[in-house]
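Participant: Input: one structure, supplied below.
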C-alpha cells in the first residue's frame, strides 16, 4: 500500500475509535479500498510473536517473498501476537522484538489487522488496543472486534477469547485481563448482536469472519464448543463464506458437512509440530502440523487460498467461485 493509502486507513481508524466506545451499538469500521481492478490480496498468519525463535523469522522471510509476488494489500493476524503472556504495556520491548524487527520485508509494510488471542489476554490486553502502538509502528491495527470493508469483501474480526468459559472459571496459573469485557454474559450478548447487525447490513459479495479460536479443528485444541453453540448460528444465518482462525499451531482446511462455511486455520507463525491429530465430524480437506502461513486472493468471482510452509513451498491450493451471487459453486484443487 502506498503511504497515502496508509494515511487513509489511519484517518478512518480515528472514526473507528469513536465508534468503539462502550455505548456504541456499531462495530468499528475500517475502509480498505481494493486494487483498481477490483481485486484484493492478503496474507494470514497466526500464533507468531516469539522474538524470531521457533522459525518465526523464517516464516516472516517467506511471507515477504510471497507478499511481493502477490502485491498484497494487507496482512491478517489471527491472534496470539505476543508469547507467552502478551505485552506488559505499551512500552514493552517485545513489540519491536517480535513484530517491527521481524516483519521487515518491503511487501509487509502494509496495514496489519489483528485480533487478540488467549495468550494476548494473559498480559496487558488493553495495551495492544492502544493507539500509542500505532505511533511506534503504523501498521499495527488491533481492536477487539471490528469490520474491514474492502468493497467486494467484508472481514468481520471477532474477539473469541471471552467465549471460552474455562478461561474464566479455571484459569489455572494464568491471569486474564478482562478489563472492558467482564461480565462475560453481557459482553458476548452485545457482541453477537453487533455482529449480526453488521453482517445483515453488509452488501459485500464475500463475507469472511476472522477469530483466534478454532471452530473446527483436528489438531490439539479441537473444536471450540462455545463458538459452535453461540457464534456459528450467527455466521450461518448471515451467509458467511469462510471462518479463518489460529489457536492450533498448524495449517488446515475443513469443510462443514451441514453448511457452506469453510474453516481455515493459519496458526503456524512460529512454534508448531504438536503431533496431535483428532478427526471431527466435518470433512478434512487439508492438514499440516508444521509452520507456515496462508495467502488469499479475491475478486468478484473467485477466492483463491494457498498454504505455504516455512521454506515457501506451496502445500495446498483451494478455490471457491461465485459465478452467480446467490448460487455459489465450489471446486477444489490440491497439491
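Note: Cβ is positioned from N, Cα and C throughout, glycine not excepted.
The Fe cation 1 binding site annotation in TrEMBL covers 47, 80, 83, 249. Feature annotation from TrEMBL assigns Fe cation 2 binding site to 80, 118, 212, 247. Residues annotated as domain 'Calcineurin-like phosphoesterase' in TrEMBL: 41-250. Feature annotation from TrEMBL assigns signal peptide to 1-25.
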Participant: What average pLDDT is reported by the model for the domain 'Calcineurin-like phosphoesterase' (41-250)?
Facilitator: 98
Participant: Same chain only, sequence gap of 6 or more: which residues have a CB within under 8 Å of the CB of residue 247 (Fe cation 2 binding site)?
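Facilitator: In sequence order, 46, 47, 78, 79, 80, 117, 118, 212, 213, 214, 217, 221, 224, 265, 267 meet the Cβ cut-off.
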Participant: Would you mind checking how many other C-beta atoms are within 10 angstroms of the C-beta on residue 212 (Fe cation 2 binding site)?
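Facilitator: A count of 31.
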Participant: Is it possible to get the count of other C-beta atoms within 10 angstroms of the C-beta of residue 47 (Fe cation 1 binding site)?
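Facilitator: By my count, 30.
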Participant: Which residues, in sequence order, are found in the same chain with Cβ within 8 Å of the centroid defined by the Cβ atoms of 80, 118, 212, 247 at the Fe cation 2 site, excluding those residues themselves?
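Facilitator: Same chain, not in 80, 118, 212, 247, Cβ within 8 Å: 46, 47, 78, 79, 116, 117, 119, 120, 160, 161, 213, 246, 267.
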Participant: Around the Fe cation 1 site formed by 47, 80, 83, 249, list the extra residues of the same chain whose Cβ is within 8 Å of the site's Cβ centroid.
Facilitator: 46, 48, 49, 50, 117, 119, 246, 247, 267, 269, 270, 271
Participant: Let's check the environment of residue 80 (Fe cation 1 binding site): how many other CB atoms sit within 10 Å of its CB?
Facilitator: 30
Participant: Within 10 Å of the Cβ of residue 83 (Fe cation 1 binding site), how many other Cβ atoms are there?
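Facilitator: 23, counting other Cβ atoms within 10 Å of residue 83 (Fe cation 1 binding site).
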Participant: Would you mind ranking the binding-site residues 118, 249 by how many other Cβ atoms sit within 10 Å of each Cβ and giving me the lowest?
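Facilitator: Selected from the binding-site residues 118, 249 on minimum Cβ neighbours within 10 Å: 118.
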